[in-house]
Structure formats: C-alpha cells, structure tokens
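Engineer: Annotated active site, pros-phosphohistidine intermediate per TrEMBL: H141, in sequence order. Marked as ATP binding site by TrEMBL: K35, F83, R111, T117, R128, N138. If you look up TrEMBL, you'll see 27-164 marked as domain 'Nucleoside diphosphate kinase-like'.
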Amino acid sequence: KRERQLLFQLLGLGTGPRLPGRARGGGERTFVAVKPDGVQRRLVGELVGRFERKGLTLVGMKLVQASEELLREHYVALRHQPFYSQLVKYMSSGPVVAMVWQGLDAVKTVRAMIGETNPADSRPGTIRGDFCTDISKNVIHGSDSVESAQQEISLWFRPEELICWEDTAEHWIYG
Ligand SMILES: Nc1ncnc2c1ncn2[C@@H]1O[C@@H]2COP(=O)(O)O[C@H]2[C@H]1O
C-alpha cells in the first residue's frame, strides 16, 4: 500500500483533472505542518496566507490529532537525539494542520520562508524569525528535501486527499 501511495505521489496523482506537466512549476510538492503551538497561538491563517501570497498551490490540508506512532515514524531520523521523546510529546500535545503545497522548487522555497530550525538563527521576515524564539516550540515544519517530502506526504495523506485543481492564476505566477 505504501509503495502504491509513493507511486501516486511521484506521478503527481490525486483526484480531479490531470494538469499539463509544466503546470505549477513542474509540480514539486512539499509537506508542511503547523505545529500544536502554531495552532494554539491562532497562527494558521497567517501562515497559510504567506504560502498563498507567495504563489504556491495548496493541494491538501487537514486538521489532525497525530498519534505518537505516526510522529515516531515522521521523526524516525531523529530517534537517537536526546530530545526525541520530548519532540513526539510536543507534536502530539494538540492538533496540527497538515498541508501539501505545490509549485516551482516548492521544497526549497518553503524552507526559505520558514527559516532556520533554531528561531534565533532565523532572519526577520521568515516565519520562525517573526513568530517564535525557542527551538522546541518552532511553530511549523517543512520537508527538508524532495525525497523526504515524498515520504512525509505519503505518511500523512492518502492519495485521494490530494486535489489537482485548475489554478486560474497560474499564468500570472509562472513565465
Ligand atoms: N535541540 C533541540 N531541542 C528540542 N527540539 C529540537 C531540537 N533540535 C530540533 N528540535 C526539534 O526537532 C524538529 C525537527 O524538525 P523541524 O525542523 O520541523 O523542527 C525541529 C524542532 O522542533
């Protein structure tokens, strides 16, 4: 089942009409999650607005109370870090808003908009530079590579939850 989901992601498949290959900057997708502190602090609208205004396309979004099992898999690469248990507890302490954004260089673009892992290293104008101070309450997650984006999207979303829709602003966003 996991392999089928990964194949769907790689092919850019979801429900709705298929778009031309060039659509939305080649269709790179990234996984973004507003973390429990971002939801509690009523930052969801602000953060979604930033990605929309940038010109990225929202293809999936849901409010999720993530299980510890899902979070342990999401953060499997960090399992030997001393903060791993605390991280899983924090991420399961309330709902998160899980999203998939699509567009030209979506992974790199979203990471640049988020800023550094440590808010103290994040410049003003980035999300972490503007909205948080502590590394353990850093408001938002964005995939760090195309490969991890594909894994994270298939972990958090079923293929039918990702919608390909006709973006009428596309000609104003891409050359
Ligand atoms: N030193 C740390 N102490 C606590 N949490 C951390 C530390 N370093 C990284 N993290 C968390 O681990 C997360 C890894 O994914 P993110 O970059 O989304 O955000 C990171 C922080 O939430």
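Glycine residues also receive a Cβ, built from the backbone N, Cα and C atoms like all the rest.
Note: TrEMBL annotation is automatic and uncurated.
Quick caveat, the model's predicted, so the values are computed rather than measured.
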Engineer: Between F83 (ATP binding site) and H141 (active site, pros-phosphohistidine intermediate), what is the CA-CA distance rounded to a whole number of Å?
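Structural biologist: Here the two Cα atoms lie 16 Å apart.
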Engineer: Would you mind sorting out which recorded positions among F83, R111, T117, R128, H141 put a C-beta under 6 angstroms from ligand 1?
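Structural biologist: The ones that qualify, in sequence order, are F83, T117, H141.
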Engineer: From the Cα of the residue listed as 'active site, pros-phosphohistidine intermediate' across to the Cα of T117 (ATP binding site), what is the distance in angstrom?
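Structural biologist: So the alpha carbons of T117 (ATP binding site) and the residue listed as 'active site, pros-phosphohistidine intermediate' sit roughly 9 Å from each other.
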Engineer: Counting Cβ neighbours within 10 Å across all chains shown, tell me which of the binding-site residues T117, N138 comes out on top.
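Structural biologist: Max Cβ neighbours within 10 Å, all protein chains included: N138.
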Engineer: Which whole-number value in Å describes the distance between the Cα atoms of K35 (ATP binding site) and H141 (active site, pros-phosphohistidine intermediate)?
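Structural biologist: About 7 Å separates the two Cα atoms.
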Engineer: DSSP says what for the domain 'Nucleoside diphosphate kinase-like' (27-164): how many helix, strand, coil residues?
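Structural biologist: In the domain 'Nucleoside diphosphate kinase-like' (27-164), the DSSP-based counts are 66 helix, 27 strand, 45 coil.
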Engineer: Could you tell me the C-alpha distance between R128 (ATP binding site) and H141 (active site, pros-phosphohistidine intermediate) in angstrom, no decimals?
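Structural biologist: On Cα coordinates alone, these residues lie 10 Å apart.
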Engineer: Test of understanding: give the count of other CB atoms lying within 10 angstroms of the CB of R128 (ATP binding site).
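Structural biologist: Result for R128 (ATP binding site): 22 neighbouring Cβ atoms inside 10 Å.
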Engineer: Are there any residues at least 6 positions away along the chain from H141 (active site, pros-phosphohistidine intermediate) with a Cβ closer than 8 Å to its Cβ? List them or say none.
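Structural biologist: For H141 (active site, pros-phosphohistidine intermediate), the qualifying residues are F31, V32, A33, K35.
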Engineer: Would you mind ranking the binding-site residues K35, F83, R111 by how many other Cβ atoms sit within 10 Å of each Cβ and giving me the lowest?
Structural biologist: F83
